[in-house]
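> Below is the structure I would like to discuss, written out as structure tokens.
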Amino acid sequence: MSTTAAKTRTLFGVPLAIAIFMVAMMLPTAVSLNLGGLRLSAYRVVLIVMILPMLLQLVSGRQGKVTLFDGLILAHCTWAIFALINWGGLAQGIESGGIYFVECAGAYLIGRLYIRSHQDFVAMSYAYVGLVLTTLLFTVPEALTGIHILHDSISAAFGGRPAAYIEPRMGIERTFGPFDHPILYGVFSASAFSLAYFVIAEKRLSNLSGMAKVAGVGLATFMSASGGPYVVLIMQGFVALWERVLGKFKGRWTALFSLFGLAYLAIDLLSTKTPFHVFVNYLTFSKESAYNRILIFEYGTAEVARYPLFGIGLGQWERPVWMSDSMDNFWLVTAVRYGLPALLLLVGLLLGLVWAVGRRKGLPVEWKRARHAWAFTLFGISVAAATVHLWNALFVLFFFLVGAGSWLLDARPTSSVVNRSFAPVRPQLQPERLF
């Protein structure tokens, strides 16, 4: 049975709900409402308005049957709410946990419910890459002049503060774009790399227009001058190169995971430092930054060991008085705040969804490229999330992208899907191998 949704309103081919969400996500926090002590940023308002209709839509099955992975995201959010109630009491827990549920489950559901076909995914990819390339009109001058054109203009119009001063790197000003921090802009830009390469350029180096867009995404990422976004880009580039070189080798992903495992063991056995220490040292800009992340990991994991079940909520974690309370590790933040079960539910969702999607056989070549684009994007962000925290727009972007690949679980190609020889594709969808 096809899970293609009923016709939805679109804007330039993009489902209207996604178009509104993506624009709202790119606005600075100055574009916010304050309601009863809650800061309602533009994307939060969109998600609050949509969350109940989306939950009803999910339960109805009109956009595909409820899956195990839908259950995992809801279970993760529910556990986080219980953790916050355990920390701050019922009222505080429901307030903070409610916002977490809206941002996490809401962003996932927008991708899950409104991208239900290859056409939807392609339209979203073009829109996303187009937004990144449009920001270059402002961020290239920003990098050269230090004037934060987009951020400060939008913030000033709504009575907000100008961008905070951050030291230049590599001879350029770190660009904010419309976001509140260069890391936000950088990860937003870098996350479009696989979409540009696999979906728009179709992996063809001879596709000059498509490859120009890939280069534009790389330039936008570079303008952030931030280590986290560079990791997102490098990880995607690495697995894309691996797939390109070994594309005909059936065991290429098993070989890659085995290589990762052997590298981990070799570092653990031969180095005086742990694999995590080595990883952080090579993927940060300075020794000071690497040292700080190592301390965060040590004190953060100690906090998880003390409060493994429900974490510490939004309370303060134990650390030296001279350390900032900023914890630059999304996975660790999740475990510290909400406990190990919340982290395991989230990791189970990611690994399980990628595995289930990767097991589908006989898909048209266009769908396989879309699958690579989606999985490689999540891989890049997930690796970088060990060195940066995903907050504000990054947080909702991540969960939106997770949901955006769910259509690959059960959508079925139709006779309108053609391969390069323009012959109809009639695939037999059976489990086989990962990708």
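Cβ atoms here come from the backbone N, Cα and C positions, even for glycine.
Note: TrEMBL annotation is automatic and uncurated.
Feature list, courtesy of TrEMBL:
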- 12-35: transmembrane segment (TRANSMEM)
- 41-59: transmembrane segment (TRANSMEM)
- 66-85: transmembrane segment (TRANSMEM)
- 97-115: transmembrane segment (TRANSMEM)
- 127-150: transmembrane segment (TRANSMEM)
- 183-200: transmembrane segment (TRANSMEM)
- 212-233: transmembrane segment (TRANSMEM)
- 253-270: transmembrane segment (TRANSMEM)
- 290-310: transmembrane segment (TRANSMEM)
- 330-357: transmembrane segment (TRANSMEM)
- 378-402: transmembrane segment (TRANSMEM)
> Would you kindly list the residues that approach the transmembrane segment (12-35) from elsewhere in its chain, counting only those six or more residues past its ends and only Cβ-Cβ distances under 8 Å?
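Distant Cβ neighbours of the transmembrane segment (12-35) are 41-47, 50, 107, 110-111, 114-115, 119-120, 123-124, 126-128, 131, 151, 154-155, 158-161, 177-180, 188, 392-393, 396-397, 400.
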> Under 8 Å, at least three CB pairs between the transmembrane segment (212-233) and the transmembrane segment (183-200) (pairs 6 or more apart)?
yes
> Using Cβ distances below 8 Å and needing 3 or more such pairs, separated by at least 6 in sequence, tell me whether the transmembrane segment (378-402) contacts the transmembrane segment (127-150).
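No, the stretches stay apart by this measure.
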> State the non-local partners of the transmembrane segment (290-310) in its own chain: residues 6+ outside its ends, Cβ under 8 Å from one of its Cβ atoms.
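Residues packing against the transmembrane segment (290-310) from afar: 82-83, 86-87, 276-277, 280-281, 284, 317-320, 323-324, 327-329, 332-333, 335-336, 338-341, 387.
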